[in-house]
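> As annotated in TrEMBL:
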type	residues	note
TRANSMEM	67-85	transmembrane segment
TRANSMEM	91-107	transmembrane segment
TRANSMEM	119-139	transmembrane segment
TRANSMEM	145-162	transmembrane segment
Amino acid sequence: MTNYGAIPTSSHPSPAINLEYISRAKHRIKSGLATRRPWKSMFDFESMTLPHGFFDAISRIKTNLGYFRANYAIGVLFILFLSLLYHPTSLIVLSILIVFWIFLYFLRDEPLVVFGYQIDDRTVLIGLSVFTVVMLLLTHATSNILGSLLTAAVLVLIHAAVRRSDNLFLDEEAAAVSESSGLMSYPSS
């Protein structure tokens, strides 16, 4: 017997969209982007002055690289993206790599633990950067990649040297992590 017009029901829950999962992902995206500093603070023109000397420039670069780390990573990835617009294969590889960046660097709300060792953000940043460059170099867009990375490095270093760092405050934990080796023993429970 067929029931025309009746809405089919099932005793098994359908694999519909899990709203809790979406809510959790949305929260992780917001908290992940919270590690990024406000762009307004990064480009505060009142805080842009030439350094007083070489050691002042080095001090500013160290502080600003630590403080604006996520912003610089986003900027470098954006410059890399722009340089690969005419290389579709490289652009596809970069898109896949950006997914790795999102989940392993920007949206992580817990420390990364590999083989019982806690890996800090700086080590993850360096590892992802090297992995990204190597994977992109395998797509034979070497001149575009190296040119964009050189451009991004120069822009980041200029900004880090020119942006005054006396009004930036790193929390004590971030300062302690930046002095460590990047690997910390993580007690297994």
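A Cβ is built for glycine as well, from the same backbone N, Cα and C atoms used for every other residue.
Computed from a predicted structure; not experimentally measured.
Would you situate these features in the structure and describe their surroundings?
Tertiary proximity for the transmembrane segment (67-85) is limited to same-chain residues at least six positions away from its ends with a CB under 8 Å from its CB atoms, namely 35-37, 39, 42, 91, 94, 98, 101, 105-106, 121-122, 125, 129, 132, 136, 141, 144-145, 147-149, 151-153, 155-156, 159-160, 163, 165, 168, 170.
Counting only same-chain residues 6+ beyond the ends of the transmembrane segment (145-162), those with a CB under 8 A from a CB of the stretch are 42, 48-51, 57, 60-61, 64-65, 68, 72, 75-76, 79-80, 82-84, 90, 133, 136-137.
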